[in-house]
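**Q** Below, the features straight out of TrEMBL:
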type	residues	note
SIGNAL	1-22	signal peptide
DISULFID	CYS38-CYS118	disulfide bond
ACT_SITE	HIS69	active site, proton acceptor
BINDING	ASP70, VAL73, GLY75, ASP77, SER79, GLU91	Ca(2+) 1 binding site
DISULFID	CYS71-CYS76	disulfide bond
DISULFID	CYS124-CYS326	disulfide bond
DISULFID	CYS204-CYS236	disulfide bond
Amino acid sequence: MTMSKTFAVIFSVVSLVPLCFAASGGGYLYPQFYDHSCPKAREIVKSIVAKAVAKETRMAASLLRLHFHDCFVKGCDASVLLDSSGSIISEKQSNPNRNSARGFEVIDEIKAALEKECPQTVSCADILALAARDSTALAGGPSWVVPLGRRDSLGASLSGSNNNIPAPNNTLPTIITKFKLQGLNLADLVALSGSGHTIGRSRCTSFRQRLYNQTGNGLADSTLEVAYASQLRSRCPRSGGDNNLFPLDLVSPTKFDNYYYKNIMASKGLLNSDQVLFTKSEKTMALVKLYAENNQLFLEQFVESMIKMGNISPLTGARGQIRKNCRKVNS
């Protein structure tokens, strides 16, 4: 039996096991959490996400990214959605999120619909988890059963957002450490990097140093394919154009697939944090090759990693609250 077939068999068996995760704080996450309290919750989230993605394809990547940026800071508790007020300094002002994180209005629309259907029942944190799943499926990626029951935080962490979320110019050891601190391993790192960057776009300011001065010697990154670098420079000058957008996957920018890994193997990873997966570690290089060759294996690992990420330090039981408005704590 080949490795991929073995993995598929294991995955299909695992998928039959009820998804019930013990969470810190003595509660559990499980898919049926709202079956009685808000049976239409999943349907409401899915319909509004579908409408938003139909209106703007890029929104799928934006909603997936919001869940990622939420979970890496204080756990999956919707802290990323809070606006600044009183003692709260919003994570929206952090370097990874400022002028970059988006999709908040879609979350607002979902929350308003859910409050109308079943007041103060469905958490903003669970909305993010469901919206990430629905966005992935709408972009042509896999779907999965989302464990639910997260509650919303009473605060935010600007420093956590600045320090915990992997940055485009981070070294591979730094990225590995940031994932490890969240309980995520190398397979999670490579699969989640692929999922986050197979769809969506990035700003010129996120990769400019690769085009002009990667190591401080005034030269472009030698691991960046020459013709691709020239193409990028035409719209990403040395100064100005900071917010010019570029597809993270130049081959299939709106489709959820494994071209991200094929691009990296061809030295066409847009961000430094993409390309180092292939150039700085034999272990991550092997995973990049594996996912480039086997799309099904990538999709299966991605689902496993998304469920694992969605279980990072959720608030359950009596901890946190169910916000009425995702942008502010209840008064």
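Glycine is treated like the rest: Cβ placed from N, Cα and C.
TrEMBL: automatically predicted annotations, no manual curation.
Describe the structural surroundings of these features, if you would.
**A** When Cβ atoms from all protein chains are considered, those within 10 Å of CYS118 (disulfide bond) total 15, not counting its own.
When other Cβ atoms within 10 Å of the Cβ of SER79 (Ca(2+) 1 binding site) are tallied across all protein chains shown, the result is 28.
The Cβ of CYS76 (disulfide bond) has 29 other Cβ atoms within 10 Å, all protein chains considered.
For CYS326 (disulfide bond), the same-chain residues lying six or more positions away in sequence with a CB closer than 8 A to its CB are ALA78, LEU81, LEU82, PHE104, ILE107, ASP108, LYS111, CYS124, ILE127, ASP152.
Of all Cβ atoms in the protein chains displayed, 19 besides its own lie within 10 Å of the Cβ of CYS204 (disulfide bond).
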**Q** Setting ASP70, VAL73, GLY75, ASP77, SER79, GLU91 aside, what same-chain residues sit with their Cβ within 8 Å of the center of the Cβ atoms that define the Ca(2+) 1 site, listed in sequence order?
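**A** Everything else in range on the chain: HIS69, CYS71, PHE72, LYS74, CYS76, ALA78, VAL80, SER153, ALA156, SER157, GLY160, SER161.
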